[in-house]
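So the structure is just underneath, and the comments pick up after that.
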Amino acid sequence: MYCAKLILLLGCFWISSSASDPADPLLVDLPNGKLRGRDNGNYYSYESLPYAEPPVGDLRFEAPQPYKQQWTDTFDATQPPVLCMQWDQFIQGDDKLAGNEDCLTVSVYKPKNSSRNSFPVVAQIHGGAFMFGGASQNGHENFMREGNLILVKISYRLGPLGFVSTGDADLSGNFGLKDQRLALLWIKQNIASFGGEPENILVIGHSAGGGSVHLQVLREDFSKLAKAAISFSGNALDPWVVQQGGRGRAFELGRIVGCGQASDSVTLKKCLKSKPASEIVSAVRNFLVFAYVPFTPFGPVVESPDAPEAFISQHPVDIIKSGKFAQVPWAVTYTTEDGGYNAALLLEKQASSGRELIVDLNDRWFDWAPYLLFYRDSMTTIKDMDDYSRKLRQEYLGDRRFSVESYWDLQRLFTDVLFKNSTEISLDLHRKHGKSPVYAFVYDNPANTGIGQGLAKRTDINFGTVHGDDYFLIFENIVREPQLRSDEEIISRNFLKMLNDFVLSENGTLAFGTCVFQDNVGSSKLQLLSITRNGCENLELESFP
């Protein structure tokens, strides 16, 4: 049904070669009317363009509806996108509420480049654990300096507003993923009006954005929306992406906000629709065991097969094994110390005791580990959960205690369980069951400051190459210093050329600098590109290092 609807919508393309006025490039004509953007020196921006009706009132907890309003006046596209309502880990203090429920927009950034009439397109899905973040969380000055690509940033519903689910057809969940998909359809239909090439669209994302990109790829009709995709440090098999236990969390959410009498999904949904969005989102604090743990209490789920417009109704592993996913070139990545998110927060010194949280793990490991590493709802019994916790501790720390001195072993555990292992599994499954090229790289080149220092609130620890150290060379982020080192400047330009060449490649070839990625499909071994400050190297492996 969803696929049929997509084909119908794609059949109604509204593409006009004269949609942008050559005499006034800030003025763009869309089916909804005219809009005016901003001149930023070396690029134009057209921000906060609605692609869906506001998901409020009766449209809360429903699949997004295409935006149909007509503008009688010229739409002001100079306003930066608002955050979707969220409980933001990176806001200091107890009140972490931010954003607005009416937030479903895309923002378009077009180079000033008189040497070409049209541009390939990169669509970005932001990260933030499916709980926070936004289209404006990453900058785009590095990206736009090359002048070769149009960038489109997507906003989508987050946290309980985007992902609460009772596991049945009545409150199916995955609303944020459905938002992303409708935004991709909007881009396909409208980007030509901005000078974009609808036949050359690359979709990328980092962390939860990377997991989102992979989930989009796992829909067969994604091939009608994009030409290729890259998932940076996040994929559909990461244990924090698609989780179990959603129904219990949905009814617990209802109890917290005053829907305690709801005994079925229909009643719960009706009650939740009547509550202020701020109350629903603020209830996230009740699902956190300590600090911002677990970092994804609400995220993607496997929907009931009878759910209307279900996004996925099988586990990603089963979808990949079936071969019924989009056959487009896809790359998946990780960094050598990706687990710095969220392990680094355990090194923050507590105001009350003056000691680091990591010390408390010695007494709380069996309580906290299932939430830190996302196996609380996947284990059948408490004994299974405790046995796994014990196994992990023994494997990575042996008989040593948790301390600042043993932090790197804990961070290695986080990297393996939350990122690296599932990246290898995804790659292995795709090479066995896919037809289009599938690539992978590992990045090892620590930033001077990054997300590790931000979470730990200290600069005396070496965290290695943590979550985002590669992606933030493409899109600036406040967790690191804006000035790039000379080696990072080279890598940044190589990344941008990699994106440009990938989206234009007719056979799905991917290259970085002097290295051409090796395709994993049909390969007897894993093909992994290693990227460091000294260059790049193709590795052929039995398993990831």
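Quick reminder: no glycine exception, Cβ is built from N, Cα and C everywhere.
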If you look at what Swiss-Prot says, which of C12, C103 makes a disulfide link with C84?
C103
Of the candidates C259, C515, the one sharing a disulfide with C271 in Swiss-Prot:
C259
Applying a 10 Å Cβ distance cut-off over all chains shown, what neighbour count does N421 (N-linked glycosylation site) have?
17
Per-residue Cβ crowding (10 Å cut-off), top of disulfide-bonded residues C84, C103, C259, C515, C536
C84
Nearest by Cα to C84 (disulfide bond), of the recorded positions C259, C271, N421, C536, is C271
Minimum Cα separation from S207 (active site, acyl-ester intermediate), reported as the residue among recorded positions N113, C259, C271, N507 that achieves it
N507
List the same-chain residues at least 6 positions away in sequence whose Cβ sits under 8 Å from the Cβ of N507 (N-linked glycosylation site), in sequence order, or say none.
none
Please report how many Å separate the Cα atom of C271 (disulfide bond) from that of C536 (disulfide bond), as a whole number.
55
Out of the recorded positions C103, N421, C515, C536, give me the one sitting nearest to C259 (disulfide bond) by CA distance.
C103
H467 (active site, charge relay system) and C515 (disulfide bond), Cα-Cα, nearest whole angstrom
23
